[in-house]
Amino acid sequence: MSSKNNMLFKNNIRPSQERITKPLQQKTNFYSSIKIFYYWSLIFGCAPYKFIIDTMADTINIKRTIFSVIQSAIAILVVFVWMMYTIIKPIVLNTYESNTTLVVSQIITVCFSGSSCFLSLISSVTINIKKWGFIFEKVLYIDKIILREPQQSYKKTKLFITLQILVTIVLLVSFHAYETLSKKNKMFYKIAMRIFVHVHNVTVTLQFINLVLLLSNRLKIISERLEELSSMSKENTDLSHSFKNSIKLREQRQTNASLFDTQRYSLMGTSAMQNSTNNPVLGHETSDITLDNTNKLNILTGLKQLREVHHIICDILNGVVNSIYGLNILILSTYMFLSCVKYVHLMMIMVVKKPGSESLDLLNINSPGMMLCFIVLHLSKVVLISVACNNASQVCANLNSSINSLLLTYPSGSDVSKELQLLSIQTIHSKLEFTAFDFFPLDFTYFHMFLAGVTTYTVILLQFA
């Protein structure tokens with residue numbers, strides 16, 4: 001039997017009974033895979049907690065710290081003051097008289113951007129702590145059940161996050177360095193605040209995307225396990241190693257004895273010598289029957305674990321993730337939409353009418369290149385959110401294909417078939433739906449609506465202009 005078919009699950013015991021014994025396992029775990037992103041989030045107030053790791057029990061908990069609370073409180077105060085300053089200053093200086101449309105649009109976009117950061121900082125240090133603890137606990141539980149080689153999976157996750165952070169740093173540093181150098185006589189504290197708010201919002205978006213991608217990957221693993229089981233069943237392959245045996249040796253012996261007694265009584269009237277001579281494969285048939293029952297118990301146990309894992313993942317994505325990020329995504333989407341409309345409108349005006357630099361100075365913009373950078377950054381975030389959410393929904397929906405394929409290999413009335421039917425019903429009624437606080441769905445329709453809205457309102461503004 002090849003190592004590929006050695007088992008479909010890592011084990012069938014409760015994860016709380018496992019212990020880490022090897023030094024390599026202590027170094028390569030779930031925490032090590034997300035550690036870089038955790039510190040990045042901690043700097044910008046998106047992760048106001050610390051990890052408490054129990055290597056003996058292989059558990060991870062999070063705890064709010066005094067330092068994180070103070071850091072978040074300072075950030076909340078500074079962001080609030082910056083927002084009020086941005087709103088009040090144009091009123092005091094009567095900036096509205098010069099160009100009302102541009103100034104109002106700038107104030108609105110700054111308010112939405114700052115509000116997203118402000119609410120995210122408050123929720124992160126208050127209600128979202130317990131939700132993140134729940135997510136970490138459940139992800140560890142899931143990984144102990146379905147990951148064959150968790151160290152390899154965590155290494156890939158760490159590499160992906162590291163590359164992601166490096167690309168983000170390069171893009172943000174390049175963009176904001178260009179912005180800072182282009183504003184020679186501007187106050188740099190305003191630029192610093194805009195950079196902090198922008199990076200914080202980008203980090204929150206990346207948190208949402210990475211969490212969705214991580215859990216959709218676990219859904220793919222469920223589909224892979226079902227497909228492997230289906231292929232082995234069709235090939236009439238020995239399934240004794242499909243799931244790691246969790247039945248105690250004493251129970252196996254009792255099952256063997258019971259099956260042997262049943263077979264012996266069915267052949268009553270035949271002598272022991274005749275039984276041995278005329279039916280030399282009797283013992284082999286009994287062994288096959290025992291093996292089939294053992295396989296069935298292991299498969300049933302594995303399928304129940306799959307149902308549990310699927311339920312946990314759908315519960316996290318549909319409930320917890322939407323509650324943590326739903327409002328933030330809604331406010332950020334509004335901010336990105338208004339910004340794209342504003343900058344596309346200004347770029348079109350510059351191409352058609354070529355206005356003077358005075359109007360652009362009201363928005364702290366010195367060139368169309370900076371406006372184009374803003375548009376590209378916002379569209380990139382919209383595309384990434386749409387792709388991640390749509391991918392997770394498709395993976396969850398495609399599970400039914402694997403289940404239906406596996407159902408064809410078992411009799412309709414068997415216990416395995418009934419368990420597969422329960423899993424099929426669960427997948428049908430547990431569709432993944434990502435929404436921005438229930439205002440609109442977050443899939444490819446979100447991207448289509450965004451582009452259509454930006455195009456429509458830009459045309460309307462150009463007509464009025």
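From the backbone N, Cα and C atoms, a Cβ is placed for every residue, glycine too.
Curation does not apply to TrEMBL; its annotations are automatic.
The annotation transmembrane segment is assigned in TrEMBL to 36-53 (among others).
Note on the transmembrane segment (65-88): residues 42, 45, 47-50, 107, 110-111, 114-115, 117-118, 121-122, 124-125, 190, 193, 196-197 of its chain, located 6 or more positions outside it, place their CB under 8 angstroms from a CB of the stretch. If you look up TrEMBL, you'll see 65-88 (among others) marked as transmembrane segment.
The transmembrane segment annotation in TrEMBL covers 100-122 (among others). Sequence-distant neighbours of the transmembrane segment (100-122) (same chain, 6+ residues past either end, Cβ-Cβ under 8 Å): 45-46, 72, 75-76, 79-80, 82-83, 86-87, 90, 196-198, 200-201, 204, 327-328, 331-332, 334-335, 338-339, 342, 346, 359, 362-364.
Among the features that TrEMBL reports, transmembrane segment is placed at 159-178 (among others). Away from its own ends, the transmembrane segment (159-178) comes close to residues 33-34, 36-37, 40, 191, 195, 198-199, 202, 206, 210, 369-370, 373, 377 of its chain (Cβ-Cβ under 8 Å, at least six residues beyond either end).
Sequence annotations record features per position, and here TrEMBL assigns transmembrane segment to 198-216 (among others).
Residues annotated as transmembrane segment in TrEMBL: 444-464 (among others). Residues 333, 336-337, 340-341, 344-345, 348-349, 352, 379, 382-383, 385-386, 389-390, 436 of the same chain, all 6+ positions outside the transmembrane segment (444-464), place their C-beta atoms under 8 angstroms from a C-beta of that stretch.
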